Amino acid sequence: IIFYIFSTLYFQLSFSPLVPQENAGQFFSSGHTNNWAVLVCTSRFWFNYRHVANTLSVYRSVKRLGIPDSHIVLMLADDMACNHRNPKPATVFSHKNMELNVYGDDVEVDYRGYEVTVENFLRVLTGRLPPSTPRSKRLLSDDRSNILIYLTGHGGNGFLKFQDSEEISNVELADAFEQMWQKRRYNELLFIIDTCQGASMYERFYSPNLMALASSQVGEDSLSHQPDLAIGVHLMDRYTFYLLEFLEDIHPSSKANMNDLFKVCPKSQCVSTPGHRTDLFLRDPGSALITDFFGSVRKVEITMETINLTEPIQQRQKETYSYVDQLPVSEIIHQKPKQKDWHPPDGFILGLWTLILLVFFKTYGMKHLKHIF
Amino acid sequence: MMPVPSSVPQPKDDFQEELVIRPLHSGDIYASFQFRTLWETDFMRGNKVSHYRLFPKSLGQVISKFSVRELHISFTQGYWRTMQWGQPFLPSPPGAELWVWFQDSVTDVDGTWKELTNVLSGIFCASLNFIDSTNTVQPSASFKPLGIGNVTDHRFLRYATLPREIVCTENLTPWKKLLPCGSKAGLAVLLKSEKLFHSSFHSQAVHIRPVCQDWQCKTTSWELRQTLNVVFDLHTPGQGKLEWSLFKMFSRTLTEACPLASSSKIYIDITDDPQGEQFEVSPATHLLSQAMVLGDRRTFSVYDLTQQITFGTVRSLNLLIRWKSRDMLRPLLHAERYVAGYGLQTGEIHTLMYNNHPYRSFPVLLLDSVPWYLRLYIHTLTVTSKGKDNKPSYIHYQPSKDRVRPHLLEMLVQLPPNSVTEVTVQFERALLKWTEYTPDPNHGFYVGSSVISSLVPSIVAMDTNSTREQPLFSSFFPCKEESSYFMRVYTEPLLVNLPTPDFSMPYNVICLTCTVVAVGYGSLYNLLTRSFQIEEPSPGLAKRIANIIRKMRGVPPL
């Protein structure tokens, strides 16, 4: 808040602002210090190639605008690039005639295949992961992070299908965002969804500082863009295709704001009507830059402190080592098997039964013995 | 931050890279990259290591945190065809394979194993977190440590495979980032994913183990080997000629060696034709080297990339190899595996091991790890060679526990010369709980490859002097005797269908039941409780007015 007041005062005082100072003012006006992105593709099988291409094109734009791999959680439910049906392995194309390979040579997928489940997605968002989860699979955001969440797949009125076997509902998603708000896990959150009837997924949001975009309204289907005859499937969905074209024009110091993003893919190009929701967003969408969510803010601190490196202690062993025999046949044959379970020695059970019978007959008399034998 | 320079010299580290190209008799070409980093440091004792130079920090931290003695992980796409391609330098099964020896100071091996698999899944972008107790085994005789050491208590060994694991650029990217020069200089510039994955076989692996520093072997250093084996198919580029070049294989040429490497070499296998009649390599080189590898003495042309003259005047090296088709030596050991039977209830696993040596027999150790949902009937286990029963000299069987651990079967079998040994065992398929099925259950369920470890008799005397300067590809498996060499062969993984329920049944049942109940019960309820009453139809407008007038007059209505 102090920075915001400072920058507005500064603007009012100076009539011809110097460019670096103006940029510095805008640098602090949005209130966030780091950027994260969670990009999810929820569909399995080769004919859903376009959903993977959608997610990878957003990944590509986000990386190009500065967010590093360590701040991106990428979840792809199936492997299209190295799928045996792909005529060009290790590639995922977004434009027909194979113009743009969105998979590239430098890609890190954090959750893949069967790991993309509703449970893992909600755990990533809320931060409730098992302690042994590696850092690259965690969303380590704080209260000054701007997060971009992109979902794509098959959906319906109020739900999104994960891997053809389970769904996430809009109520669950809204509650997850509320948990994130209560745990102070985001400063501002931009939610983009490209599925059929996508607007139903943001209807139930109730946490502050959320902005949402969807590719189609309730009752409408999102359509795919164009098939490629060599690959044999549709390559991209229309909304994300035009979103990618829009983002290709954005560079890290661009001043385009959210109102331009709302105009992406009008009904003439998309056939469905994209929708957006800004009532929960506290700032004016016109003042929120595209790079606030798609780009990356990185703070560098320069310090002149010195640090002493400790010297490692060299210990010299005096024993001689040797390599182990790889297939010691005689040793293996004479290896004693390990007794894991203790069984009573043979004969013990027989002796025990004899004892029981003897005691029985001693107590009740010998006349019963002839009935047994 | 400005560090204060320390007066004690840092532990020495050394990096070597090499590429071996071997043309195969079927016209395919086999390229094997090895990158080795040696570091004289001790992760286990003393202060925590904090200054990393050539050795990657992520792996160093893994070794010290989890007290790892040896770590071997491999990611493979495709199956190695031994009969067409011969033996690989470093074998690996399809999918992902991980086996680790822990130090004997570890108290809870299973807990450490679980944490280690999670950390490795983050480092290599693979779903190694699916490794849990249902696919981990503890072999009792196979997988002895490849590094130095005296203790071989198999309690500290864990082995797991994920045959379903897919290998793609996302696994290659972090692998390349572990190299000192990354993919910017040296041999690693050739590793372009679009060409590497458009191949018949692709395998990348990381091997970490302690090795002897010198011939006295009084001190140890840590060795990290990153290997990448790829076999390019003859017919893929469209041309059918037996002509390959670096540019055709990798779409790149070499311009310099990695500046951090102490040695950077390319070896081309010219054994079958040293005179150069059937075989042509250009640009020509006079450096030749001989090495004993895989039981055979082979001759190689060597290109040293640290010498500037290798690159010539164009400052780039594009090797061209042309050869005519020739015969291949039949591999001495070869294995196959398949599932027999019909239906979704029972089946039979057959493993065939071929010994192609004309007069020598040798022992093999067969390791089979079968998931719990295929219930093996071990009383039906038979091992036959040449029609007769062949009793294994060592059997270790650990039965499975449902949803806890898999079957483990290890057998030491002596293979008679020039024979086929067949191991058969019958099994029954279990029905899983409906939440345990994968999202695509009709694809089938995988059974990991069998591992066959053996000491194969060699044609020439092997080199047991392990510390002489040897090319990397011949110094991976330690050699203790001259007459035989150690080899590992992997069979195919199996794909079995389990009885799969119809997952739409709950929805269908609910719809049907509700309809039946609504129609049946509703009709019955109506019949029982509906009663009929007679009702006069309402009269017309004229009659109604007349009735009102009559009422006013006090006369009864119409």
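Cβ atoms here come from the backbone N, Cα and C positions, even for glycine.
Automatic, uncurated: that is what TrEMBL annotation is.
According to TrEMBL, the active site annotation covers A:His154. Following the DSSP three-state reduction, the secondary structure of A:His154 (active site) is strand. A simple way to gauge crowding: the CB of A:His154 (active site) has 17 other CB atoms within 10 angstroms, across all the protein chains here.
For the recorded site, A:Cys196 (active site, nucleophile), the DSSP three-state label reads coil. Taking the Cβ of A:Cys196 (active site, nucleophile) as centre and 10 Å as the limit, one finds 22 other Cβ atoms among all the protein chains shown. Annotation comment: TrEMBL describes A:Cys196 as active site, nucleophile.
Under the heading transmembrane segment, TrEMBL lists A:347-365.
On the backbone, the CA of A:Cys196 (active site, nucleophile) and the CA of A:His154 (active site) stand 6 Å apart.
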